[in-house]
Amino acid sequence: MAQPRIPAARGAAASLQAQNGAASASGSPYTNGPVHNTLMSPQVSSSQGYDSQPPGSYPRPMPAKTLNPFSAQSNYGGSQGSGQTLNSPLVTSGPVLPSLHSGPVPRMPLPTSQNPAATPMPSGSFLPGANPPPPLNWQYNYPSTGPQTNHFPHVAPPTLPGNPNLTADHQYVSSGDPALQTSFKKPGSALPLQNPPLPPTFQPGAPPGPPPAGGPPPSRGPAPQKTPPRAAPPPSFNSAVNQEGITSNANNGSTAAHNTYDEIEGGGFLATPQLVNQNPKTSRSVGSAYPSLPPGYQNSAPPVAGMPPPSLSYPSGPQAFTQTPLGANHLTASMSGLSLHPEGLRVVNLLQERNMLPSTPLQPPVPNLLEDIQKLNCNPELFRCTLTSVPQTQALLNKAKLPLGLLLHPFKDLVQLPVVTSSTIVRCRSCRTYINPFVNFLDQRRWKCNLCYRVNDVPEEFMYNPLTRVYGEPHKRPEVQNATIEFMAPSEYMLRPPQPPVYLFVFDVSHNAIETGYLNSVCQSLLDNLDLLPGNTRTKIGFITFDSTIHFYSLQEGLSQPQMLIVSDIDDVFIPMPENLLVNLNESKELVQDLLKTLPQMFTKTLETQSALGPALQAAFKLISPTGGRMSVFQTQLPTLGVGALKPREEPNQRSSAKEIHLTPSTDFYKKLALDCSGQQAAVDLFLLSGQYSDLASLGCISRYSAGSVYYYPSYHHQHNPVQVQKLQKELHRYLTRKIGFEAVMRIRCTKGLSIHTFHGNFFVRSTDLLSLPNVNPDAGYAVQMSVEESLTDTQLVSFQSALLYTSSKGERRIRVHTLCLPVVSTLNEVFLGADVQAISGLLANMAVDRSVTASLSDARDALVNAVIDSLSAYRSSVLSGQQPGLMVPFSLRLFPLFVLALLKQKSFQTGTSIRLDERIFAMCQVKSQPLVHLMLTTHPSLYRVDNLSDEGALNINDRTIPQPPILQLSVEKLSRDGAFLMDAGSLLMLWVGRNCSQNFLSQVLGVQNYASIPQTMTDLPELDTPESARIAAFISWLREQRPFFPVLYVIREESLMKAAFLQSLVEDRTESALSYYEFLLHIQQQVNK
């Protein structure tokens, strides 16, 4: 039965420019999604890569009215308003097609081959039709860009068993934070300390002797001839001429001049064998400081709330490396291991087994690899794939109806991180992959890349292992023993001297802003954390305030007090005395402190109600553009003056109407300014503190496209809303003190045959696959969609590698590399067995946000539901033998319907008029920028009973005992009036206390005598000297650790105003506009059985 075409999809081609930004003067469109590879398509036409065919019919209709009891709240048609045109594109030095963020367009299927001639995608689903396979992306159909241009015969990657015995003294290099010291003793000496910290850098000397005696090393071909060095034009930070692979391979270690970060990351220093003296005694010292025991950083960090405990499947130390080819017998043995995991082979009837939620945090599936390979794999907290068994062909992926993609948390805080300071960074000469645990050493002199299969020479320096102080063991080097590693980049990876840490604060000081009292909190937090700002002696700081005019503050050393400089012409902003506005923090610290102490009182009597945010941002950009850095902007109302002025668009009675909802920006000013900031290595973080509509859909662009962050505090007031004050202070502390990387770029590579075509997150896509990140922080997550471009029948393993090149706050250029290895499978059953339901749900959420913005909220909701229907239909028709009653799902997808239902009830996609527009936009911002673990906790909260906490099964972390109560289903059935239940919703904690809760809990934890004495607005637990109070305080403190947003706590009585929010989060129960979990399962079953 054909489904009518969704109105939002009509006119897709006509509104292309409106949905993807604007075209530059050269005809290159600013887009939010995939772009052409300029290597393959140097000529760009105005219509290139876009599929303007109308969407086809969809064979399985999903009427919105069947999902929502109130059809008037769920039937949305029509398209969104158009965007604006960018008038001043970024300067480029070649035919580049920049792409911004992840571009929303009216269709949102799963990734697939980008064939322009393919059948158009049905608009009501993420998933393809049956025959022929249509293109599966939520974007227009660009030709996909494979990461490699050189194809080589495949040799299976090696197996990596064993564990070396390290006996020498070794030392760590810190990961950017102040070094901690310890030493590891030789055998026979004292035992090492428990949980040893990291010592300072150690530079090993030359090898103790000549290379081991034996036959001559394998002969190598003649070294390529060197070419004359190229002249280096002036740096252009928003230029990305050279694509991946277009770099001279003739350097052979010589220093080359580079003019773009794209070239530096994609083709920088070529680690090839050099003409060196073969006598190590007379040659220069090789090697450098390495971690003494390439540490098991994956397992050393204390468990994070909401994440499963670290699995023993991930490395905890250096692993011995026996290079034996992985043959068919190895894979057969690996596949036979499936019988050891009967749970994975289970088929579940969800209508009979509804309680499938585990009582402990859900663990990601372990890839079906040999143990020797898996123990070297990347930690899934950092890098994970939606399918841990990669389909061999695109046809098999289409048949599974599951998305293929990656979710990354590349800059996550790590307790221990192996850092390599060698002058030689070994990379593939063809695809520029960094050497990693999954390459294959053909012999001691040659290694085969696991992404493009090119055979590379092993540099002479790489033959010496400073860990073991043995020559001739390249496979035991730290680079080949750790899936996550950081390199200290040599000067060849720099376009200019590393930029200093620059922090510019921009404050709204209008009457409305002063009334909220936020300036007192922010200035006090800055005073408290001024010495903790990441940086060094070069750190610079500056301040701008604005209302209807713009105020600068001269902090020149030698002044007795700060001087205010006022610019009243907001139509032509200029910078007065620019050399005195951004000052060295150490040299002008007293003036900075004086300003922060007096600033809140300077505007207490202001009557100015206008807000010139746009001109203030222009001024801030001009001030920070020579160096780059971070702008922190605080805004409390809708901008009303100058460029970027906005008008109210919210209709309270039509907040979820497809025709009236305003999820798209009303102006392109903030997007254009963000592009300019990105080009000058400046990021903008937005703090919105407003009780009124402020058009976050427009304002948020300034952070989204400059790799910044958005913080939102609705109804902030220093007296009327103390919870928001606490939240702001806690989040400012983390924001000001967390690790930061400047002028960063990130590239994701994958094995030949796979293709990345869409990115999600806060960044600017500078070239085909290079993400520009002026700032990178530990709380940022990213996602990508992929397709199988070429058949993987000739390989048994595929690998993915992300490389993040950044400048630390200490002025060091570093490269953090993560490598993930996964098996390739040829059957549909194996694909389903390896499905990662959390990663799938997270990727679909990102895709649904784009669909909401570019089509309609109704389209996004229907597509989420259809994703479940299509995948379970494929499993039923292609894997199950015979028709079985009920809703049969593979064990790996047992929580898929539950997570999708939770997404439908999340603020981003919830129907009804109770969600304010800015709140919905902020929820969508979180979906697009949060790491997966935090996104899933926001989507599907964790519920615990806490009135009977005990030490049984507790965690012991740093002499703290952390109770671990079981996780309960999100249903009122699990509540009881004689208990107390804590819900962890990521950025919110709600403690629901039953009317008949025990007197012991009331007195020993809440500090009240009876239930009626619980305050209506209780937001903190008293610190009582009782075991019960200590247990729950430790548990809540543990939950709050390492969260990007501080979760405030509300204590809820049965009569509390917050009770509605608590019940709304019980996603398995029916609400006025959404089905219960059981009703949703019945609906899914009805659609699957059609």
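Residue numbers in this text run from 1 along the chain shown.
Each Cβ is built from the backbone N, Cα and C atoms, and glycine gets one as well.
Among the features that Swiss-Prot reports, region 'Disordered' is placed at 1-260 (among others).
Per Swiss-Prot, compositional bias 'Low complexity' is recorded for 8-28.
Sequence annotations record features per position, and here Swiss-Prot assigns compositional bias 'Polar residues' to 29-55 (among others).
Feature annotation from Swiss-Prot assigns compositional bias 'Polar residues' to 138-151 (among others).
Under the heading compositional bias 'Polar residues', Swiss-Prot lists 162-184 (among others).
Under the heading compositional bias 'Pro residues', Swiss-Prot lists 194-236.
According to Swiss-Prot, the compositional bias 'Polar residues' annotation covers 237-258 (among others).
The region 'Disordered' annotation in Swiss-Prot covers 272-325 (among others).
Positions annotated as compositional bias 'Polar residues' by Swiss-Prot: 274-286 (among others).
Taken from Swiss-Prot, the feature compositional bias 'Polar residues' covers 313-325 (among others).
What Swiss-Prot lists as region 'Zinc finger-like' is 428-452. The region 'Zinc finger-like' (428-452) scores a mean pLDDT of 95 in the predicted structure.
In the three-state DSSP assignment, the secondary structure recorded for C449 (Zn(2+) binding site) is coil. Annotation comment: Swiss-Prot describes C428, C431, C449, C452 as Zn(2+) binding site.
Within the repeat 'Gelsolin-like' (963-1036), the DSSP-based counts of helix, strand and coil residues read 24 helix, 13 strand, 37 coil. Look at Swiss-Prot and you will find 963-1036 tagged as repeat 'Gelsolin-like', backed by sequence analysis.
When Cβ neighbours within 10 Å are tallied across all protein chains shown, the highest count among the binding-site residues C428, C431, C449, C452 belongs to C449.
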